[in-house]
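Asker: Annotations per Swiss-Prot:
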BINDING   52, 53, 54, 65, 93, 94, 119, 120, 121, 124, 172  substrate binding site
BINDING   61, 65, 172, 180  Zn(2+) binding site
DOMAIN    37-191  domain 'SIS'
C-alpha cells in the first residue's frame, strides 16, 4: 500500500547524502571539525554542543557518545550537551530563549574549548548568540547547518553545510552521519 512512498523517501534520503558526498569541501570540513575537537581535548579542553528540537537531540547524542563510547571501548572525552532542563527553563524565563545556550557558554566555556552548534536552517537565534559568546571566550566554533547556511554562513571556524532546501529531516539525517564520523575520527586522533 505504501511501498512507493517508502521507496520515494529512501531514494530522496540517498540523493541528499550523495549530493553532500560529491563535494570534496564537505569531506575536508568533517576532517577539520574532528581535528579541531581532538586538538582541544589534547590541550585539556572540552566541547559544548547545542541545538533545537531534533538538533537538540543530536547535540545530546554527540555528547553522550563522547563521554560514553561510540564503537570501541576507550576513555571518555569531555563532551557536554547544553541540555539541563533547569538551566534551559531558568534562562528562557529570565532572559529569553535566545540566550539559553550563550549563558551556558559564558558560564562554563573557556579559551581552547569548542562550541558545536547544530541548526538545519542556520538561522537559530540562540545558536548565533552561542557562537558570539564562544568567540568572546576564545573558543573555537563548529556549525552543522543546512540549506544555504543561513545567518551562520561564514561565522564558525568550521561550517559543515548540507545543501538541501526541502524538509529539515533530510538535513538531520546527514547531520547524524556527520556526527558519527566526527566521533570516529576523534577516536583515531586520540588513540
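Cβ coordinates come from backbone N, Cα and C, glycine included.
Can you tell me where each of these features sits in this structure?
Answerer: Other Cβ atoms within 10 Å of the Cβ of residue 54 (substrate binding site), summed over all protein chains shown, number 17.
Proximity of residue 61 (Zn(2+) binding site) to non-local residues of its own chain (separation of 6 or more, Cβ distance below 8 Å) is seen for 176, 179, given in sequence order. In the three-state DSSP classification, residue 61 (Zn(2+) binding site) falls within a helix.
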Asker: Relative to the Cβ position of residue 93 (substrate binding site), how many further Cβ atoms are located within 10 Å?
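Answerer: Other Cβ atoms found within 10 Å: 9.
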Asker: Rank the binding-site residues 121, 172, 180 by the number of other Cβ atoms within 10 Å of each Cβ and report the first-ranked residue.
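Answerer: Ranked by Cβ atoms within 10 Å, first place goes to 172.
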Asker: Measuring Cα to Cα, tell me the gap between residue 54 (substrate binding site) and residue 65 (Zn(2+) binding site) in whole angstrom.
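Answerer: That comes out at 17 Å between the alpha carbons.
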Asker: Using C-alpha atoms only, work out the spacing between residue 121 (substrate binding site) and residue 180 (Zn(2+) binding site) and round it to an integer in Å.
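Answerer: Here the two Cα atoms are 21 Å apart.
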